[in-house]
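A.B. asks: First the structure, then my questions, so here it is.
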Amino acid sequence: MAQSIFMAGILIGGLVLGDLSDRFGRKPILTCSYLLLAASGSGAAFSPTLPIYTVFRFLCGCGISGITLSTTILSVEWVSTRMRAIKSISLGYFYTSGQFILPGLAYAIPQWRWLQLTVSVPFFAFFLLSWWLPESIRWMILSGRSSKALKTFRQVAAFNGKKEEGEALSLELVANGPLPFFCPKEIKLSLQKEITLAKAKHSIADLFRTPILRRVTFCLSLACLAMGVEEFGVNLYILQLIFGGVDVPAKFITMVSISYLGRHTTEAVVLLLAGGCILSLIFVPSDLLTLRTVLAVFGKGCLSGSFSCLFLYTSELYPTVIRQTGMGINNLWTRVGSMTAPLVKITGELKPFIPNVIFGTIALLGGSAALFLPETLNRPLPETVEDLENWSLQAKEPKQKPEAENASQRIPLQPCERGVGPN
């Protein structure tokens, strides 16, 4: 029950803190989430009764959700296009490291109260360190906070050894662009139009207001729901070892794939492969443990890659003005999948193959839904809803004919000498 309430906290925290982040900024929500997790985690260690413990665990879930979403958004909005995949996967490796460290801590500290306190106190330090993090420059400019954006730009310029260029900046330059060369390339654009469009208030309803956002939200939600898949028919302890061991190569392969093949293809392929692994386990006898373990390892690797790709992909698809709200909605469906997974397992008491059918079908549906999402590889982050709609229109336009086919149709525009060239 306590774990279910903890998952409910992650679900609610994603919705509430996601909307607040788009309204008040990424940094304040991240800082408050660190403090919330530190305080509620420490409080859970001293809880005298189960009801009080579950309340603190609910707050812990809210804090974790705010930290995860805000960290992802800040990292994506601050780095250049070509570095987004590397930065996102690098952050994922710290999560993997935590998966290896936690069992060691649990073994060294068998008393759960001391263990809970040990993993919670460090977040007080993270709370203090977060004050030195810069706010998202995109969010500040689109929110009309040009003065703060200018101050942050100058700090970044000084940190990058471009202090003179930073001092040369002015409010007009920040507001109207182009921005200086020490900023990521895609930030160097005229922001006047985006600032005007961003003055409108945005809410969760905007995720369903336009056809392209409805499609993105629906397809991403279905893909996120597949993240609750966990039925591989292998011993629980083996699965824990698999999860940590396969995570390292899976993330690396995913980073290479999303950097060259693209997010759209990677997400669809890994979810379809995961669904295929789960369904194939129905036909593998339980005495063939080696084959079942191989399928479980491969399937878990595919889901790990899907999770890594999906966080980056979601942050790139939603516009800046509602990015964290969109991620909060998709975080909701991820947690719904996690919360309903144990209920799905209960259906195995009727027929052993039913959980595999349900989980495998969901993974296949999630992979199929990813095929309908636009590609974001080498594209700048969309700032407004209009930017995302332009993506959709460009994708529908027919591609130009190859160079060789168009060569015969060209008309030279440069002047020709008398007596030379076409008559």
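For all residues, glycine too, the Cβ spot is worked out from N, Cα and C.
Quick paste from TrEMBL:
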DOMAIN    1-378  domain 'Major facilitator superfamily (MFS) profile'
TRANSMEM  6-22  transmembrane segment
TRANSMEM  29-50  transmembrane segment
TRANSMEM  56-79  transmembrane segment
TRANSMEM  91-109  transmembrane segment
TRANSMEM  115-133  transmembrane segment
TRANSMEM  212-229  transmembrane segment
TRANSMEM  241-261  transmembrane segment
TRANSMEM  268-285  transmembrane segment
REGION    395-423  region 'Disordered'
A.B. asks: Can you see whether the transmembrane segment (29-50) and the transmembrane segment (241-261) are touching - at least 3 CB pairs under 8 angstroms, only pairs 6 or more apart in sequence?
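C.D. replies: No, the transmembrane segment (29-50) and the transmembrane segment (241-261) are not in contact.
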A.B. asks: Mind checking which residues of the chain, 6+ beyond the ends of the transmembrane segment (6-22), have their Cβ under 8 Å from one of its Cβ atoms?
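C.D. replies: Tertiary neighbours of the transmembrane segment (6-22) are 29, 33, 57-66, 69-70, 73, 139, 202-204, 321-329, 331-332, 335-336, 338-339.
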A.B. asks: When you scan the chain for residues with a C-beta under 8 Å from the transmembrane segment (115-133), skipping those not six or more beyond its ends, what do you find?
C.D. replies: 27, 30-31, 34-35, 37-38, 40-42, 44-46, 63, 74, 102, 105-106, 109
